[in-house]
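J.: Pulled the feature table from TrEMBL, pasting it below:
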BINDING   Asn14, Glu416  Mg(2+) binding site
BINDING   Lys21, His218, Leu219, Gly220, Ser221, Gly222  ATP binding site
BINDING   Arg113  substrate binding site
ACT_SITE  Asp158  active site, proton donor/acceptor
SITE      His190  site 'Transition state stabilizer'
SITE      Arg251  site 'Transition state stabilizer'
Amino acid sequence: MSKASRNDLVLSVNAGSSSLKISLYKVLSPSEYKTSLAGPEPVELLLTSSISNISSPPAKFSFKNLSGESTGSVKGQSINSIKDHSSAFAHFVEHLSKEADIDRNRVAHICHRVVHGGDYHDPVVISDETYHHIEKLSDLAPFCISDLPTANSIAFFDTTFHRSIPSHIASYPIDQSVAKKRGLKKYGFHGLSYSFILRAVSKFYERPVDTLNLIVLHLGSGASVCAIRNGKSMDTSMGLTPLNGLPGATRSGAIDPSLIFHYTNKAGRISHDPDMAINLHVTQAEHILNSESGWKSLTGTTDFAEITQRAGEGSEVHQMAFNLFVDRILNYIGSYHLKLEGKVGAIVFSGGIGERSIELRKAVSEKVRCLGYNALDETKNESLDDDKAARVVGIDVRPEKDSGVESRILVCRTDEQFEMARQCALEDKFWHE
Ligand SMILES: Nc1ncnc2c1ncn2[C@@H]1O[C@H](COP(=O)(O)OP(=O)(O)O)[C@@H](O)[C@H]1O
Ligand SMILES: CC(=O)OP(=O)(O)O
Ligand SMILES: [Mg+2]
(Lines of atoms letter the chains of each structure in order from A; the text may use other names.)
(Lines give C-alpha, C1' and ligand atoms only; values in the text may rest on other atoms or scores of the structure.)
(Ligands and ions follow the chains in the order given, each with its own letter.)
Protein backbone atom coordinates (compact mmCIF):
# COMPACT_ATOMS: atom_id res chain seq x y z
CA MET A 1 0.00 0.00 0.00
CA SER A 2 1.41 3.41 -0.84
CA LYS A 3 0.80 6.63 1.06
CA ALA A 4 -0.16 8.28 -2.20
CA SER A 5 -2.98 5.79 -2.85
CA ARG A 6 -6.61 6.44 -1.97
CA ASN A 7 -6.16 4.63 1.32
CA ASP A 8 -4.55 7.72 2.74
CA LEU A 9 -6.36 8.11 6.05
CA VAL A 10 -5.37 7.06 9.56
CA LEU A 11 -7.86 6.90 12.41
CA SER A 12 -6.56 7.21 15.99
CA VAL A 13 -8.68 5.75 18.76
CA ASN A 14 -8.01 6.60 22.42
CA ALA A 15 -10.33 4.70 24.77
CA GLY A 16 -10.37 6.02 28.33
CA SER A 17 -12.28 4.68 31.29
CA SER A 18 -15.45 6.52 30.36
CA SER A 19 -14.50 8.33 27.19
CA LEU A 20 -13.49 7.70 23.63
CA LYS A 21 -11.41 10.23 21.70
CA ILE A 22 -11.12 9.68 17.96
CA SER A 23 -9.20 11.71 15.39
CA LEU A 24 -8.96 11.22 11.65
CA TYR A 25 -5.82 12.24 9.77
CA LYS A 26 -4.74 12.45 6.18
CA VAL A 27 -1.26 11.06 5.61
CA LEU A 28 0.90 13.37 3.54
CA SER A 29 3.56 12.16 1.14
CA PRO A 30 7.19 13.00 1.99
CA SER A 31 7.20 15.64 -0.73
CA GLU A 32 4.31 17.36 1.05
CA TYR A 33 6.12 17.76 4.36
CA LYS A 34 9.59 18.34 5.71
CA THR A 35 11.08 16.39 8.59
CA SER A 36 13.25 19.23 9.87
CA LEU A 37 13.10 19.98 13.61
CA ALA A 38 10.57 22.76 13.28
CA GLY A 39 9.06 21.47 10.05
CA PRO A 40 5.51 20.42 9.30
CA GLU A 41 4.24 17.02 10.33
CA PRO A 42 3.48 13.97 8.14
CA VAL A 43 -0.23 13.94 9.00
CA GLU A 44 -2.95 16.54 8.75
CA LEU A 45 -5.96 16.53 11.08
CA LEU A 46 -9.30 16.18 9.27
CA LEU A 47 -11.72 15.70 12.11
CA THR A 48 -11.98 14.94 15.79
CA SER A 49 -14.71 13.35 17.81
CA SER A 50 -15.07 12.70 21.49
CA ILE A 51 -17.62 10.68 23.37
CA SER A 52 -17.72 11.20 27.12
CA ASN A 53 -19.90 9.92 30.00
CA ILE A 54 -20.02 6.45 28.45
CA SER A 55 -20.28 4.79 31.87
CA SER A 56 -22.83 7.32 33.17
CA PRO A 57 -25.35 7.69 30.28
CA PRO A 58 -26.53 9.56 28.36
CA ALA A 59 -23.19 9.75 26.64
CA LYS A 60 -22.17 13.06 25.11
CA PHE A 61 -21.04 13.07 21.52
CA SER A 62 -18.95 15.82 19.91
CA PHE A 63 -17.74 15.94 16.36
CA LYS A 64 -15.71 18.60 14.64
CA ASN A 65 -14.75 18.64 11.03
CA LEU A 66 -11.69 20.70 10.24
CA SER A 67 -11.07 19.70 6.65
CA GLY A 68 -12.10 21.57 3.58
CA GLU A 69 -13.59 18.32 2.30
CA SER A 70 -16.84 18.94 4.11
CA THR A 71 -18.16 20.89 7.03
CA GLY A 72 -19.98 20.02 10.20
CA SER A 73 -19.77 20.11 13.95
CA VAL A 74 -21.76 18.67 16.82
CA LYS A 75 -21.11 19.86 20.36
CA GLY A 76 -21.84 17.66 23.36
CA GLN A 77 -25.07 16.12 22.03
CA SER A 78 -26.62 13.53 24.38
CA ILE A 79 -27.01 10.19 22.62
CA ASN A 80 -29.08 7.50 24.35
CA SER A 81 -28.03 4.68 22.02
CA ILE A 82 -24.41 4.88 23.19
CA LYS A 83 -24.11 2.32 25.99
CA ASP A 84 -20.47 1.28 25.74
CA HIS A 85 -17.28 1.86 23.78
CA SER A 86 -18.32 -0.30 20.85
CA SER A 87 -21.66 1.48 20.32
CA ALA A 88 -19.78 4.77 20.70
CA PHE A 89 -17.42 3.73 17.93
CA ALA A 90 -20.32 2.57 15.73
CA HIS A 91 -22.00 5.95 16.23
CA PHE A 92 -18.82 7.69 15.16
CA VAL A 93 -18.46 5.57 11.99
CA GLU A 94 -22.07 6.30 11.05
CA HIS A 95 -21.38 10.00 11.49
CA LEU A 96 -18.23 9.72 9.42
CA SER A 97 -20.12 8.50 6.36
CA LYS A 98 -23.33 10.54 6.79
CA GLU A 99 -22.23 13.94 8.01
CA ALA A 100 -18.61 14.21 7.03
CA ASP A 101 -19.04 12.50 3.69
CA ILE A 102 -15.85 10.53 4.11
CA ASP A 103 -15.62 7.11 2.52
CA ARG A 104 -14.72 4.70 5.32
CA ASN A 105 -12.74 2.56 2.85
CA ARG A 106 -10.16 5.32 2.68
CA VAL A 107 -9.05 4.48 6.23
CA ALA A 108 -5.83 2.45 5.84
CA HIS A 109 -5.01 2.02 9.53
CA ILE A 110 -6.73 2.35 12.89
CA CYS A 111 -4.28 3.21 15.67
CA HIS A 112 -5.35 2.04 19.11
CA ARG A 113 -3.89 3.45 22.30
CA VAL A 114 -3.25 0.37 24.42
CA VAL A 115 -2.36 1.32 27.96
CA HIS A 116 -0.30 -1.72 28.97
CA GLY A 117 2.08 -3.09 26.38
CA GLY A 118 3.67 -5.72 28.67
CA ASP A 119 6.77 -6.89 26.84
CA TYR A 120 5.74 -5.31 23.56
CA HIS A 121 7.60 -2.15 22.65
CA ASP A 122 7.05 -1.36 18.99
CA PRO A 123 3.57 -0.88 17.58
CA VAL A 124 1.97 -4.23 16.67
CA VAL A 125 -0.55 -4.98 13.93
CA ILE A 126 -3.50 -6.62 15.66
CA SER A 127 -3.98 -10.00 14.00
CA ASP A 128 -5.38 -13.36 15.12
CA GLU A 129 -1.86 -14.17 16.28
CA THR A 130 -1.20 -11.05 18.38
CA TYR A 131 -4.78 -10.34 19.44
CA HIS A 132 -4.95 -12.83 22.30
CA HIS A 133 -1.90 -11.17 23.89
CA ILE A 134 -3.58 -7.80 24.06
CA GLU A 135 -7.26 -8.75 24.09
CA LYS A 136 -7.62 -7.88 27.75
CA LEU A 137 -6.30 -4.45 27.01
CA SER A 138 -8.18 -3.42 23.92
CA ASP A 139 -11.71 -4.74 23.96
CA LEU A 140 -12.61 -2.22 21.32
CA ALA A 141 -10.34 -3.56 18.58
CA PRO A 142 -12.72 -6.31 17.33
CA PHE A 143 -15.53 -3.76 16.92
CA CYS A 144 -13.28 -1.44 14.97
CA ILE A 145 -12.18 -4.32 12.80
CA SER A 146 -15.78 -5.28 12.02
CA ASP A 147 -16.94 -1.66 11.50
CA LEU A 148 -14.01 -0.80 9.24
CA PRO A 149 -13.03 -4.18 7.76
CA THR A 150 -10.65 -2.81 5.14
CA ALA A 151 -8.42 -1.08 7.69
CA ASN A 152 -5.54 -2.59 9.67
CA SER A 153 -5.72 -2.24 13.43
CA ILE A 154 -2.41 -1.33 15.05
CA ALA A 155 -1.74 -1.22 18.81
CA PHE A 156 0.41 1.60 20.16
CA PHE A 157 1.56 1.24 23.74
CA ASP A 158 1.65 3.76 26.55
CA THR A 159 4.49 1.82 28.14
CA THR A 160 6.94 2.06 25.21
CA PHE A 161 8.33 5.49 26.10
CA HIS A 162 9.45 4.24 29.51
CA ARG A 163 11.60 1.30 28.42
CA SER A 164 14.64 3.56 28.97
CA ILE A 165 14.04 3.68 32.75
CA PRO A 166 17.17 2.18 34.37
CA SER A 167 16.62 -1.17 36.07
CA HIS A 168 17.45 0.09 39.57
CA ILE A 169 14.57 2.56 39.17
CA ALA A 170 12.15 0.18 37.44
CA SER A 171 12.74 -2.73 39.86
CA TYR A 172 10.78 -3.28 43.05
CA PRO A 173 12.70 -4.53 46.08
CA ILE A 174 10.96 -7.93 46.14
CA ASP A 175 12.03 -11.51 45.41
CA GLN A 176 13.54 -11.15 41.93
CA SER A 177 12.66 -14.67 40.81
CA VAL A 178 8.97 -13.88 41.39
CA ALA A 179 9.42 -10.43 39.85
CA LYS A 180 10.95 -11.90 36.68
CA LYS A 181 8.47 -14.75 36.35
CA ARG A 182 5.46 -12.45 36.72
CA GLY A 183 6.86 -9.32 35.08
CA LEU A 184 6.55 -7.29 38.30
CA LYS A 185 8.35 -4.03 37.55
CA LYS A 186 7.60 -0.41 36.81
CA TYR A 187 6.23 -0.08 33.27
CA GLY A 188 4.97 3.50 33.41
CA PHE A 189 2.07 4.94 31.35
CA HIS A 190 0.99 8.02 29.34
CA GLY A 191 4.02 7.37 27.13
CA LEU A 192 2.34 8.49 23.91
CA SER A 193 1.57 11.79 25.61
CA TYR A 194 5.13 12.17 26.90
CA SER A 195 6.57 11.48 23.41
CA PHE A 196 4.30 14.13 21.94
CA ILE A 197 5.20 16.68 24.64
CA LEU A 198 8.93 16.04 24.36
CA ARG A 199 8.86 16.76 20.63
CA ALA A 200 6.64 19.80 21.10
CA VAL A 201 9.01 21.28 23.71
CA SER A 202 11.99 20.50 21.48
CA LYS A 203 10.34 22.53 18.72
CA PHE A 204 9.49 25.30 21.18
CA TYR A 205 13.12 25.55 22.37
CA GLU A 206 14.50 24.82 18.90
CA ARG A 207 16.77 22.29 20.55
CA PRO A 208 17.24 18.60 19.73
CA VAL A 209 15.21 16.22 21.84
CA ASP A 210 18.30 14.52 23.33
CA THR A 211 19.50 17.76 24.91
CA LEU A 212 16.36 18.16 27.02
CA ASN A 213 15.82 17.43 30.70
CA LEU A 214 12.16 17.92 31.65
CA ILE A 215 9.69 17.22 34.43
CA VAL A 216 6.40 16.60 32.66
CA LEU A 217 3.05 16.49 34.47
CA HIS A 218 0.28 14.68 32.58
CA LEU A 219 -2.72 15.56 34.73
CA GLY A 220 -6.00 14.12 33.43
CA SER A 221 -8.54 11.69 34.87
CA GLY A 222 -5.48 9.50 35.23
CA ALA A 223 -2.44 11.54 36.26
CA SER A 224 1.29 10.89 36.17
CA VAL A 225 4.66 12.63 36.18
CA CYS A 226 7.72 11.79 34.12
CA ALA A 227 11.36 12.75 34.60
CA ILE A 228 12.98 13.01 31.18
CA ARG A 229 16.79 13.06 31.02
CA ASN A 230 18.51 13.77 27.70
CA GLY A 231 15.24 13.10 25.87
CA LYS A 232 14.55 9.74 27.54
CA SER A 233 12.27 8.67 30.37
CA MET A 234 14.38 8.07 33.48
CA ASP A 235 11.52 7.75 35.97
CA THR A 236 7.75 8.04 36.13
CA SER A 237 5.19 7.96 38.91
CA MET A 238 2.91 5.15 37.67
CA GLY A 239 4.27 1.65 38.12
CA LEU A 240 3.34 -1.93 37.31
CA THR A 241 -0.16 -0.53 36.75
CA PRO A 242 -1.50 3.04 36.49
CA LEU A 243 -2.57 2.86 40.14
CA ASN A 244 0.70 4.05 41.64
CA GLY A 245 1.79 7.67 41.93
CA LEU A 246 -0.62 10.57 41.74
CA PRO A 247 -4.31 10.33 42.65
CA GLY A 248 -6.80 10.59 39.80
CA ALA A 249 -10.53 10.90 39.15
CA THR A 250 -11.25 7.55 40.80
CA ARG A 251 -7.75 6.26 41.65
CA SER A 252 -6.09 6.57 45.03
CA GLY A 253 -2.56 6.84 43.68
CA ALA A 254 0.24 5.77 46.02
CA ILE A 255 -0.89 4.57 49.42
CA ASP A 256 0.57 2.33 52.09
CA PRO A 257 0.00 -1.08 50.41
CA SER A 258 -1.19 -2.54 53.72
CA LEU A 259 -4.04 -0.03 53.88
CA ILE A 260 -6.29 -2.12 51.67
CA PHE A 261 -6.31 -5.05 54.15
CA HIS A 262 -7.49 -2.68 56.88
CA TYR A 263 -10.08 -1.13 54.54
CA THR A 264 -11.76 -4.47 53.70
CA ASN A 265 -11.31 -8.10 54.63
CA LYS A 266 -12.40 -9.11 51.12
CA ALA A 267 -9.46 -7.45 49.37
CA GLY A 268 -8.45 -10.57 47.44
CA ARG A 269 -11.93 -11.51 46.19
CA ILE A 270 -12.67 -11.15 42.51
CA SER A 271 -14.89 -8.24 41.64
CA HIS A 272 -16.60 -7.53 38.34
CA ASP A 273 -15.74 -3.91 37.68
CA PRO A 274 -18.63 -2.29 35.79
CA ASP A 275 -16.75 1.02 35.49
CA MET A 276 -13.80 -0.32 33.58
CA ALA A 277 -13.80 0.28 29.82
CA ILE A 278 -12.67 -3.26 29.48
CA ASN A 279 -14.42 -6.04 31.36
CA LEU A 280 -11.48 -7.30 33.33
CA HIS A 281 -12.00 -9.42 36.38
CA VAL A 282 -10.07 -7.65 39.11
CA THR A 283 -9.80 -8.08 42.84
CA GLN A 284 -11.91 -6.00 45.21
CA ALA A 285 -8.68 -4.30 46.25
CA GLU A 286 -8.00 -3.16 42.70
CA HIS A 287 -11.61 -2.14 42.18
CA ILE A 288 -11.68 -0.01 45.35
CA LEU A 289 -8.35 1.67 44.71
CA ASN A 290 -8.85 2.18 40.94
CA SER A 291 -12.54 2.96 40.70
CA GLU A 292 -13.86 4.02 44.10
CA SER A 293 -11.13 6.34 45.34
CA GLY A 294 -9.52 9.57 44.17
CA TRP A 295 -11.53 12.77 43.62
CA LYS A 296 -14.81 10.83 43.44
CA SER A 297 -14.31 9.42 46.94
CA LEU A 298 -13.08 12.67 48.48
CA THR A 299 -15.57 15.07 46.94
CA GLY A 300 -18.27 13.14 45.08
CA THR A 301 -17.22 14.54 41.71
CA THR A 302 -14.55 13.52 39.22
CA ASP A 303 -14.49 16.97 37.68
CA PHE A 304 -11.43 18.85 38.85
CA ALA A 305 -12.84 22.16 37.59
CA GLU A 306 -15.75 21.75 39.98
CA ILE A 307 -13.39 20.82 42.83
CA THR A 308 -11.40 24.00 42.26
CA GLN A 309 -14.49 26.16 42.00
CA ARG A 310 -16.03 24.76 45.19
CA ALA A 311 -12.70 25.15 47.00
CA GLY A 312 -12.71 28.81 45.93
CA GLU A 313 -16.22 29.15 47.38
CA GLY A 314 -14.95 27.95 50.75
CA SER A 315 -15.77 24.23 50.76
CA GLU A 316 -13.32 22.46 53.07
CA VAL A 317 -13.53 19.02 51.46
CA HIS A 318 -12.87 20.44 48.01
CA GLN A 319 -9.98 22.54 49.33
CA MET A 320 -8.53 19.44 50.99
CA ALA A 321 -8.68 17.48 47.71
CA PHE A 322 -7.02 20.37 45.86
CA ASN A 323 -4.26 20.70 48.49
CA LEU A 324 -3.73 16.95 48.53
CA PHE A 325 -3.13 16.96 44.76
CA VAL A 326 -0.63 19.81 45.03
CA ASP A 327 1.15 17.98 47.85
CA ARG A 328 1.47 14.73 45.85
CA ILE A 329 2.64 16.59 42.74
CA LEU A 330 5.35 18.30 44.81
CA ASN A 331 6.57 14.90 46.05
CA TYR A 332 7.48 14.05 42.47
CA ILE A 333 8.75 17.43 41.34
CA GLY A 334 11.05 17.56 44.37
CA SER A 335 12.51 14.10 43.87
CA TYR A 336 12.77 14.39 40.07
CA HIS A 337 14.48 17.76 40.36
CA LEU A 338 17.11 16.04 42.51
CA LYS A 339 17.41 13.02 40.19
CA LEU A 340 18.01 15.41 37.30
CA GLU A 341 20.72 17.07 39.43
CA GLY A 342 18.92 20.38 39.37
CA LYS A 343 19.36 20.68 35.57
CA VAL A 344 15.76 20.95 34.48
CA GLY A 345 14.83 22.70 31.24
CA ALA A 346 11.20 23.01 32.25
CA ILE A 347 8.31 21.80 34.31
CA VAL A 348 5.57 21.12 31.75
CA PHE A 349 1.86 21.04 32.61
CA SER A 350 -0.40 18.96 30.35
CA GLY A 351 -3.55 16.79 30.33
CA GLY A 352 -7.10 18.06 30.95
CA ILE A 353 -6.24 19.51 34.38
CA GLY A 354 -2.69 20.68 33.58
CA GLU A 355 -3.89 22.47 30.45
CA ARG A 356 -6.96 24.07 32.00
CA SER A 357 -6.56 24.61 35.73
CA ILE A 358 -5.27 28.13 36.31
CA GLU A 359 -5.40 27.55 40.07
CA LEU A 360 -3.44 24.30 40.10
CA ARG A 361 -0.65 25.71 37.90
CA LYS A 362 -0.50 28.73 40.19
CA ALA A 363 -0.33 26.69 43.41
CA VAL A 364 2.40 24.37 42.08
CA SER A 365 4.40 27.20 40.49
CA GLU A 366 4.50 29.15 43.75
CA LYS A 367 5.91 26.13 45.59
CA VAL A 368 8.71 25.40 43.08
CA ARG A 369 10.17 28.91 43.24
CA CYS A 370 12.56 27.73 45.97
CA LEU A 371 14.16 25.46 43.34
CA GLY A 372 15.06 28.43 41.13
CA TYR A 373 11.99 28.58 38.89
CA ASN A 374 10.79 31.99 37.82
CA ALA A 375 7.64 33.59 39.15
CA LEU A 376 4.43 32.87 37.31
CA ASP A 377 3.28 35.44 34.78
CA GLU A 378 -0.31 35.69 36.05
CA THR A 379 -1.63 37.19 32.85
CA LYS A 380 -0.16 34.43 30.72
CA ASN A 381 -1.37 31.77 33.14
CA GLU A 382 -4.90 33.16 33.06
CA SER A 383 -5.14 33.89 29.35
CA LEU A 384 -4.03 30.47 28.21
CA ASP A 385 -7.44 29.44 26.96
CA ASP A 386 -7.34 32.29 24.48
CA ASP A 387 -4.13 30.90 23.06
CA LYS A 388 -5.52 27.69 21.64
CA ALA A 389 -3.33 27.87 18.55
CA ALA A 390 -0.06 27.47 20.45
CA ARG A 391 1.08 23.96 21.36
CA VAL A 392 3.54 25.08 24.02
CA VAL A 393 3.27 28.28 26.01
CA GLY A 394 5.66 29.67 28.64
CA ILE A 395 3.73 30.95 31.66
CA ASP A 396 6.65 32.18 33.76
CA VAL A 397 8.17 35.66 33.88
CA ARG A 398 11.24 35.72 31.63
CA PRO A 399 14.34 37.01 33.40
CA GLU A 400 16.32 39.84 31.81
CA LYS A 401 19.34 37.62 31.15
CA ASP A 402 17.34 34.80 29.69
CA SER A 403 19.29 31.59 29.13
CA GLY A 404 16.21 30.45 27.20
CA VAL A 405 16.19 26.80 28.19
CA GLU A 406 16.61 26.52 31.94
CA SER A 407 13.98 26.21 34.65
CA ARG A 408 10.98 27.38 32.70
CA ILE A 409 7.35 26.67 33.41
CA LEU A 410 5.47 25.59 30.30
CA VAL A 411 2.03 24.34 29.35
CA CYS A 412 1.69 21.87 26.46
CA ARG A 413 -1.56 20.82 24.83
CA THR A 414 -0.85 17.13 24.49
CA ASP A 415 -2.31 14.91 21.78
CA GLU A 416 -2.00 11.14 22.06
CA GLN A 417 -4.08 10.56 18.92
CA PHE A 418 -1.72 12.72 16.88
CA GLU A 419 1.31 10.90 18.30
CA MET A 420 -0.03 7.55 17.12
CA ALA A 421 -0.98 8.84 13.66
CA ARG A 422 2.44 10.44 13.25
CA GLN A 423 4.29 7.27 14.27
CA CYS A 424 2.05 5.27 11.95
CA ALA A 425 2.67 7.59 8.99
CA LEU A 426 6.44 7.50 9.51
CA GLU A 427 6.67 3.69 9.84
CA ASP A 428 7.41 2.42 6.35
CA LYS A 429 6.46 -1.18 7.13
CA PHE A 430 2.82 -0.12 7.57
CA TRP A 431 2.71 1.30 4.06
CA HIS A 432 4.66 -1.20 1.98
CA GLU A 433 3.66 -4.81 2.13
N1 LIG B 1 -11.36 23.91 33.38
C2 LIG B 1 -10.88 22.84 34.01
N3 LIG B 1 -10.22 22.99 35.18
C4 LIG B 1 -9.73 21.92 35.84
N5 LIG B 1 -9.84 20.68 35.39
C6 LIG B 1 -10.48 20.45 34.23
C7 LIG B 1 -11.03 21.52 33.49
N8 LIG B 1 -11.63 20.99 32.38
C9 LIG B 1 -11.43 19.65 32.45
N10 LIG B 1 -10.75 19.32 33.56
C11 LIG B 1 -10.34 17.99 34.03
O12 LIG B 1 -9.71 17.27 33.00
C13 LIG B 1 -10.09 15.89 33.10
C14 LIG B 1 -9.99 15.23 31.77
O15 LIG B 1 -8.67 15.28 31.34
P16 LIG B 1 -8.18 14.33 30.15
O17 LIG B 1 -6.71 14.53 30.00
O18 LIG B 1 -9.03 14.52 28.97
O19 LIG B 1 -8.44 12.94 30.86
P20 LIG B 1 -8.48 11.44 30.42
O21 LIG B 1 -7.85 11.33 29.07
O22 LIG B 1 -7.62 10.80 31.44
O23 LIG B 1 -9.89 11.05 30.46
C24 LIG B 1 -11.52 15.93 33.60
O25 LIG B 1 -11.75 14.82 34.40
C26 LIG B 1 -11.57 17.19 34.43
O27 LIG B 1 -11.42 16.86 35.79
C1 LIG C 1 -3.06 5.30 32.02
C2 LIG C 1 -4.21 6.21 32.24
O3 LIG C 1 -4.53 6.58 33.36
O4 LIG C 1 -4.85 6.65 31.17
P5 LIG C 1 -5.96 7.82 31.14
O6 LIG C 1 -5.33 8.98 31.82
O7 LIG C 1 -6.21 8.07 29.68
O8 LIG C 1 -7.16 7.31 31.86
MG1 LIG D 1 -6.05 10.30 28.88
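Just so you know, glycine gets a Cβ as well, placed from its N, Cα and C.
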J.: Would you count the other C-beta atoms found within 10 angstroms of the C-beta of Gly222 (ATP binding site) for me?
T.: 26
J.: What whole-number distance in angstrom separates the two most remote CA atoms of the ATP-binding residues Lys21, His218, Leu219, Gly220, Ser221, Gly222?
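T.: Pairwise Cα check on Lys21, His218, Leu219, Gly220, Ser221, Gly222 gives a maximum of 17 Å.
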J.: Could you check what DSSP calls Asp158 (active site, proton donor/acceptor) once collapsed to helix, strand or coil?
T.: coil
J.: Return the count of C-beta atoms lying within 10 angstroms of the C-beta of Glu416 (Mg(2+) binding site), excluding that atom itself.
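T.: Around Glu416 (Mg(2+) binding site), other Cβ atoms within 10 Å: 25.
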J.: For Arg251 (site 'Transition state stabilizer'), what residues in its own chain, 6 or more apart in sequence, show a Cβ-Cβ distance under 8 Å?
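T.: The answer is Gly222, Pro242, Leu243, Leu289, Asn290, Ser291, Ser293, Gly294.
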J.: List, in sequence order, those binding-site residues among Asn14, His218, Leu219, Gly220, Ser221 whose Cα sits within 10 Å of the Cα of Arg113 (substrate binding site).
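T.: Near Arg113 (substrate binding site), where near means Cα within 10 Å, the binding-site residues are Asn14.
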J.: Which one is it: of the recorded positions Asn14, Asp158, His190, Glu416, whose Cα lies the shortest distance from the Cα of His218 (ATP binding site)?
T.: His190
J.: If you measure C-alpha to C-alpha, which of His190, Leu219, Gly220 (recorded positions) come within 10 angstroms of Glu416 (Mg(2+) binding site)?
T.: His190
J.: Quick one: of His190, Leu219, Gly220, Ser221, which recorded positions lie within 10 angstroms of the residue listed as 'active site, proton donor/acceptor', measuring between C-alpha atoms? Sequence order, please.
T.: His190
J.: Is any of Asn14, Leu219, Gly220 (binding-site residues) within Cβ reach of ligand 3, i.e. under 6 A, and which?
T.: Gly220
J.: Any idea what DSSP makes of Glu416 (Mg(2+) binding site), helix, strand or coil?
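T.: Its secondary structure by DSSP: helix.
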